[in-house]
């Protein structure tokens with residue numbers, strides 16, 4: 001289990017390794033002239049991707065280990081009860097934009113790179129710190145790069161990859177290294193993918209004001225033209241019945257509910273409802289994360305770079321989906337002075353509540369546990385020494401929910 | 001095969017109609033492709049209006065209508081060949097000799113001949129449509145000396161026609177080499193129209209590339225050998241050769257850009273017609289079919305899923321039933337509940353029992369096949385047992401070491417099948433020669449193998465060169481030409497008791513022992529002599545990883561069985577009200593673990609884990625080359641799915657200690 005000591009053990013190597021990468025920034029500036037890098041930076045879930053020491057982060061869905069992609073294009077894997085941290089490097093591993101572990105598998109890690117898709121097979125029992133590049137499968141398809149988003153099906157059988165320049169998304173049969181392109185005109189590419197936890201639906205966002213929800217049985221899709229802006233981030237409720245979305249440039253969270261929660265009949269489902277929740281505080285919503293029990297929702301609000309007192313901030317809400325969908329403000333997660341949150345993800349199977357992992361702008365990774373009983377009673381945020389949970393603040397923040405249709 | 005097809009309700013009611021629908025769509029697409037072809041063939045950049053009006057008038061012309069009728073005939077024949085030749089288990093030749101045997105097989109020769117004819121027909125239509133200098137075989141010309149008007153041979157027309165025959169043959173040839181008739185199933189389900197739309201760019205690209213290759217090859221071919229058909233045609237039809245024109249079998253004649261352009265687009269048109277037919281057939285045949293889990297009426301009993309799964313005779317039905325099982329286990333709660341339900345009077349879990357038994361027998365058959373193969377190649381090709389003897393050659397690097405051991409093994413039974421020339425490409429699946437079937441074919445007569453397997457093995461007749469035993473040069477030399485026999489058994493393909501293998505040359509079978517001794521010595525000499533010849537070794541050496549591919553050739557069935565089992569078992573954790581799955585859980589787990597061990601050991605063999613080179617663009621489906629990787633991945637996922645669902649409850653399941661240890665690794669995600 002994660003105690004504070006092990007947590008700090010995780011976060012320290014990051015900050016020390018970061019200083020080593022600082023001097024590489026000049027060359028990276030050169031590389032940024034390439035337009036594909038800018039594209040990756042724009043559509044990456046990591047805020048300020050091009051500037052960040054941490055490029056991407058992913059928890060393993062079943063065990064206590066995570067992978068971190070760093071600025072120097074290497075990936076490190078940290079485990080809870082082992083000091084060995086394998087470092088993955090590959091010739092093709094450039095501009096890592098997304099990482100995801102294969103569900104129902106101990107070893108496979110999918111990496112979305114600039115030119116291709118890499119599948120690493122990292123033997124969990126081996127003690128080697130530098131797995132050879134022979135452990136990686138390279139999947140590429142002409143015209144399908146840079147890849148900015150990947151999603152494994154919850155059964156681990158399929159991998160979907162998306163590129164902002166390719167109107168089709170690729171459904172990979174990884175072991176066979178074959179892909180089925182799913183083409184849909186309109187939207188001009190696919191930027192973000194998210195598979196519902198029950199595996200029945202897949203969200204595909206495009207760079208324009210349009211997103212699609214695919215059902216994964218016969219692979220047909222529904223078009224959802226947005227009101228304005230493209231879909232920035234999304235997350236599914238644990239039962240797959242509710243989808244929260246944030247749009248670019250908006251301070252609103254949209255909710256889509258799908259009415260076939262029972263699963264009795266997969267073929268019919270009614271028109272989803274649309275909620276809008278607007279926050280009067282914070283900036284544009286740029287990332288959403290829902291804990292696996294469906295009790296806490298973390299929202300990363302982008303700060304204003306011009307204003308001094310407007311850093312990025314993470315707001316945490318209590319959620320309840322029955323009898324009606326509800327969001328209650330819970331608190332804020334803040335880092336050390338000067339550090340801004342860049343990325344967050346909930347631990348997929350934390351026993352005692354929810355564990356939010358945050359990547360900060362100073363290269364730290366910290367884990368914020370929330371202890372609560374399952375009834376939704378707040379046990380209290382237990383802030384780490386580096387973090388201050390600003391709970392006193394939220395009384396002044398107005399929050400209301402509003403049902404649009 | 002045809003007689004079997006008559007018997008199966010599924011072929012009669014489903015497959016035939018699917019084939020008919022696919023052919024109908026191909027015919028409906030013909031006017032579209034023809035119109036595009038006409039537009040491209042008459043293309044003129046500087047007179048666009050005249051170009052369009054020319055094309056529209058041409059499309060309405062009677063010659064075009066007649067061409068369309070001919071093309072319809074071509075499509076019908078192609079569709080018929082698709083239906084007759086398609087296979088769900090690819091044929092994998094294990095040596096170049098076996099490949100040669102398949103290419104020169106009579107059935108294949110007929111196929112090539114028909115495709116040559118069809119290619120000429122299509123090209124004739126194309127040349128008539130293009131018109132101009134291509135339209136007829138004879139043209140009027142003025143003889144240089146006398147100045148009188150005579151009929152001359154139009155070499156352009158001949159060139160295009162021969163190109164059609166050439167492309168037809170290369171299509172037929174590549175069909176064998178690339179397994180064109182192998183029908184693979186997609187990893188995801190799609191409706192037919194989106195799938196067709198998704199595949200269309202790939203098919204167009206393939207046909208363009210293939211046409212360009214063929215045009216290049218044919219130009220080279222005509223440059224060297226074009227003189228022969230030209231003089232032959234002109235002498236038989238009494239046509240003059242126009243000496244004022246540049247002959248086409250010269251460099252300057254071939255460097256005619258307009259000719260090459262027309263050749264390429266007619267070639268593209270030809271390939272596109274065929275490829276579209278193949279594509280539509282594949283899409284229709286692989287469409288999922290939903291079998292009822294429980295039949296309401298007794299006359300429909302044979303159509304219910306458990307019955308269909310146990311069916312041995314119709315491979316396509318078995319595959320579709322397994323696919324349906326995998327799909328229902330993932331997507332349909334109501335049908336899962338039917339699987340878990342009990343029979344109304346009696347309360348037996350007939351559905352689940354039948355389904356799980358069939359899946360488990362499939363998997364254990366694969367395990368046995370793998371174990372037998374490992375035994376055969378263990379200790380670097382040394383003979384382990386009598387039955388393993390014949391395949392040792394495959395694994396051994398030096399043939400001299402093997403030749404000694406092998407001869408000892410062979411001597412006691414100079415039996416018929418060894419001499420059977422047909423067995424070069426026909427698996428000796430029969431009662432008489434089961435000892436000689438290669439060790440990694442499942443032992444057909446063994447009591448363990450389920451009847452379903454026998455059917456599967458029987459279906460694998462084309463891939464027999466790997467399994468088939470006769471690989472040694474000396475046997476090849478002694479027999480008559482290897483492709484002279486077993487025509488009927490190939491075309492009819494009836495798996496049990498392949499009759500053609502038995503009556504073939506019996507002369508060698510009854511020989512006195514001293515003669516056998518003498519023969520053996522001679523044979524050894526011949527063999528060592530032949531082993532030194534590079535060409536012979538080139539032809540008879542095993543292709544790397546071919547045996548591995550052949551072992552897993554039908555693994556799509558196993559993959560679906562695994563997926564179906566894993567999802568059903570995982571779903572049973574919450575949905576199985578009567579606990580019917582619990583009783584079979586120990587069986588399932590141990591079967592999976594044993595299979596995993598066998599697969600893991602197989603991947604330690606040389607060449608087993610090497611990845612095949614990916615072909616960029618061809619209509620031939622090469623997914624069978626990676627089926628073993630897919631099977632391994634699916635197997636692990638299956639076990640993970642079960643262990644994560646059941647968690648600590650697995651400790652209560654009654655399985656052996658080693659298996660429990662292995663499962664513990666999965667519980668800790670250490671595998």
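Note that Cβ sites are derived from N, Cα and C of the backbone, with glycine treated the same way.
Per TrEMBL, the features are as follows:
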type: COMPBIAS; residues: B:385-403; note: compositional bias 'Low complexity'
type: COMPBIAS; residues: B:484-495; note: compositional bias 'Low complexity'
type: COMPBIAS; residues: B:496-506; note: compositional bias 'Pro residues'
type: REGION; residues: B:381-420; note: region 'Disordered'
type: REGION; residues: B:457-509; note: region 'Disordered'
type: TRANSMEM; residues: B:20-45; note: transmembrane segment
type: TRANSMEM; residues: B:65-89; note: transmembrane segment
type: TRANSMEM; residues: B:110-130; note: transmembrane segment
type: TRANSMEM; residues: B:156-181; note: transmembrane segment
type: TRANSMEM; residues: B:202-225; note: transmembrane segment
type: TRANSMEM; residues: B:259-281; note: transmembrane segment
Selection from B:110-130, B:156-181, B:259-281, the stretch that has most Cβ pairs under 8 A to the transmembrane segment (B:202-225): B:259-281
Recorded stretch that, among B:20-45, B:65-89, B:110-130, B:156-181, has the most CB pairs under 8 Å to the transmembrane segment (B:259-281): B:20-45
Intrachain residues whose Cβ lies under 8 Å of the transmembrane segment (B:110-130), provided they are six or more past its termini: 34, 37-38, 41-42, 58, 63-64, 67, 70-71, 73-74, 77-78, 81, 85, 156-157, 160-161, 163-169, 171-173, 175, 262, 266, 269-270, 273
Intrachain residues whose Cβ lies under 8 Å of the transmembrane segment (B:20-45), provided they are six or more past its termini: 51, 54-55, 58-59, 64, 67-68, 71-72, 75-76, 78-79, 82, 126, 129-130, 262, 265-266, 269, 272-273, 276-277, 280-281, 283-285
